[in-house]
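Report on the following structure.
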Amino acid sequence: MYETYHSGWIECITGSMFSGKSEELIRRLRRGIYAKQKVVVFKPAIDDRYHKEKVVSHNGNAIEAINISKASEIMTHNLTNVDVIGIDEVQFFDDEIVSIVEKLSADGHRVIVAGLDMDFRGEPFEPMPKLMAVSEQVTKLQAVCAVCGSSSSRTQRLINGKPAKIDDPIILVGANESYEPRCRAHHIVAPSDNNKEEL
């Protein structure tokens, strides 16, 4: 006979901006609350677009959250009786978040992370690829391309209405004033100014 062990697991919600990641995170967390589970939510301090102490979707749905500056702060909280741990905008944390999430799940918690899988250049946005690899469940959501209306898997960064340059900083917190969803065909990354001088 096999022994069974009580262990947690990791759920990963990912996709482009405006694909409903935070909305899906909030939905899953609210289901946990409805089931009388103890739920704790964390979000990075850098994300202050809508509210400092709430995870807020672009549609305005919200859930209370603990604002943290770095991933290690999660472990300073007493999570002994917590059933479900939610972490939004996980791409804003360093790689330490991966080992923390794995420890939390090994300790019996259901851990739900949400964040971008690609940066504005269409390249993997660490640490999300690593989190996807260690997750028991991965949900990849798509938005609607702002240009053609097809499914979008990419996030277009716009600076004054023009595509961002490839050498622009990876992190720029913003919403629809700086970003829009795009399909592969309509996703544009402008060359750096240095490349123009070399041509």
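Please read every residue number as a count from 1 along the shown chain.
Even glycines carry a Cβ here, placed using N, Cα and C.
Some features that Swiss-Prot has for this protein:
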ACT_SITE  Glu89  active site, proton acceptor
BINDING   Gly15, Ser16, Met17, Phe18, Ser19, Gly20, Lys21, Ser22, Asp88, Glu89, Val90, Gln91  ATP binding site
BINDING   Cys145, Cys148, Cys183, His186  Zn(2+) binding site
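Taking all protein chains in view, 12 other C-beta atoms sit within 10 angstroms of the C-beta of Cys148 (Zn(2+) binding site). Sequence-distant neighbours of Cys183 (Zn(2+) binding site) (same chain, six or more apart, CB under 8 Å from its CB) are Cys145, Val147, Cys148, Ser150, Ser151, Ser152, Ser153, Arg154, listed in sequence order. Across the structure, Gly15 (ATP binding site) and the residue listed as 'active site, proton acceptor' place their CA atoms 11 angstrom apart. Separation of the C-alpha atoms of Lys21 (ATP binding site) and Glu89 (active site, proton acceptor): 9 Å, rounded to the nearest whole number. For His186 (Zn(2+) binding site) paired with Met17 (ATP binding site), the C-alpha to C-alpha distance reads 15 Å. Report note: the Zn(2+) site is defined by Cys145, Cys148, Cys183, His186, and the residues of the same chain whose CB lies within 8 Å of the CB centroid of those residues, excluding them, are Ala146, Val147, Gly149, Ser150, Ser152, Arg182, Arg184, Ala185, His187. Classification of Gly15 (ATP binding site) by DSSP places it within a strand.
Using a 10 Å Cβ-Cβ cutoff, Asp88 (ATP binding site) registers 26 neighbours.
There are 23 other CB atoms within 10 A of the CB of Met17 (ATP binding site), with all protein chains counted.
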